[in-house]
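Working notes, structure below.
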């Protein structure tokens, strides 16, 4: 019982002490500020409840003169503080200091010697212009430093000496023009570096080599045009890198290979024009790839993304010119689950592209100008369990009979199994003006089944085949034409032709060099009738102009009383012979060739032709048949004599010269319909396939007694 009063006195004493401390703490809290316990995460993402003094947005001109002794987090954001007096006493346990959005012009105005326990310092959106030598030397425990959105143009080589525990450094949105690797010598533990939105002229080899523990690097928005091959050398722990919003025209393939443990790659918003073979290959740990918002991206070529065994997601969206993805573009990606291809210029996506992705779970191709034909018919054949994202936004824009319909609602049987090539309008512009001696690259891509072959025609009429180099020209296998050191002589109209067994498509571009193209003062067009039959006319033409447009239009008119039946076909630019078939016997035709020039003028020539009667054609056939039999008999006789001579003769060399007989055969008609008459080319090699161009025939006055 005697102990009871003692216990009461002890409890009363503790209560009084606590009350006094609370009163003292309340008294120490700066006027208008809020002092309370708040949740906080350390730079290592460790949760704690910290004693916080919140003086944000109070218009303070000076640092608070007095703070609670146990203050851990001090928030002074959005004030007008210009300096911190050296006589200021800082709480000994201060771990977080936020001075962002103030008027600090120099780090030397901050007495850091008394803040040795600081873990995080926020100085963004001040007026700092430089970081001098050892300016933060006293902050040996600092783990986060935010100096972004200032006016920094100079950082001394030893500015970060003493910050050997720093984990995150934000230098983005300043005025830095170069990166000095000496900055990083004092930062052996740095894991995150932000350097974006600085007018950095270039990155050098080994720029980041001292940062052996760096995991994330952001170099966004600094107008980089190239990345040196060894720029990322030494960063063996780098997992994430962002080149967002730069001016890269191609993937920095060699440099990326040096980041052997890279997991996340952001190349968004760069003017890369195509993803080439091997651009993303053998990156064994890459999980996500971003190639969005690329204004110049036209195609993803064969084996562009290859052997990425851990890749889970590809994002290639909002690319206004991306019109072609090769069937083998994505290869050896066993874990890819998500393929985002929406809001591009894709008219189709090959089934082979999807078949090569065994683990694909979702795909997004909505908001593309889908052509509902043979290439896309696999979508509705119920051969896939892949989830289509936003299927209600997936519409056909072509052909006209399906325009506006949802792709998933068009039955696959309504789409042909084979179809004409289609060169995407976005592949390359219709005209281009370049300076002399510059480099020109034109990307021509087409979709079709069977897959089309692509070649180019120069203004002088030369045919440039894939994988061939000719003078200043080189055509890649995918269809890209390169012209090195172009001069006014090479100016003019270039035409890409895509052709398969079904037909062809073509697209032209006018290239001006120094604002002009070669003049054509003596261009002419001549038509010659080479053969006339009862049901056909074989015609040839010759154009001397160097810069004729490739889409020649041929029209054949037949005068009838009540008929205007037109035939049409497509003829290649470099074919100058055509057999107009399905004509009526004993009928007068007017055959015209109209060739527009690059100056929006046209050269047109017409000839009148009357087809032979059936009786006359029969006599011709009999006469020709007799001559043919006689020729064959004579030929057989000659062959017999030669064989006899060969048997009698005992001499001969097995190494003698071989002779070859060339047989020029007429090609069979393309039997799509009567609107596509057979094409005859007497000089074409059987291994070369030609594009075709539209030809029209209009019948007008067939005699009434003709059937």
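Each residue, glycine too, has its Cβ placed from N, Cα and C.
What Swiss-Prot says about this one:
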SIGNAL    1-22  signal peptide
DOMAIN    23-69  domain 'LRRNT'
REPEAT    70-91  repeat 'LRR 1'
REPEAT    93-114  repeat 'LRR 2'
REPEAT    117-138  repeat 'LRR 3'
REPEAT    141-162  repeat 'LRR 4'
REPEAT    165-186  repeat 'LRR 5'
REPEAT    189-210  repeat 'LRR 6'
REPEAT    213-234  repeat 'LRR 7'
REPEAT    237-258  repeat 'LRR 8'
REPEAT    261-282  repeat 'LRR 9'
REPEAT    285-304  repeat 'LRR 10'
REPEAT    310-332  repeat 'LRR 11'
REPEAT    335-358  repeat 'LRR 12'
DOMAIN    368-421  domain 'LRRCT'
DISULFID  444-496  disulfide bond
TRANSMEM  627-647  transmembrane segment
TOPO_DOM  648-707  topological domain 'Cytoplasmic'
The repeat 'LRR 7' (213-234): DSSP-derived helix, strand, coil residue counts: 0 helix, 3 strand, 19 coil
Residues satisfying Cβ distance under 8 Å from residue 444 (disulfide bond), sequence separation of at least 6: 423, 427, 428, 454, 456, 479, 480, 481, 496, 498, 507
Contacting positions for the repeat 'LRR 5' (165-186) when only residues 6+ beyond its ends and CB under 8 Å are counted: 43-44, 124, 140-153, 155, 157-159, 192-201, 203-204, 206-211, 218, 220
Integer mean pLDDT for the repeat 'LRR 8' (237-258): 96
Residue 496 (disulfide bond): tally of other CB atoms within 10 A of its CB: 28
Distal contacts, the repeat 'LRR 8' (237-258) - CB-CB under 8 A, six or more residues away: 196, 212-231, 264-273, 275-276, 278-280, 282-283, 285, 296
Remote residues contacting the repeat 'LRR 4' (141-162) - C-beta distance under 8 A, at least 6 residues beyond either end: 42-44, 100, 116-135, 168-177, 180, 182-187, 194
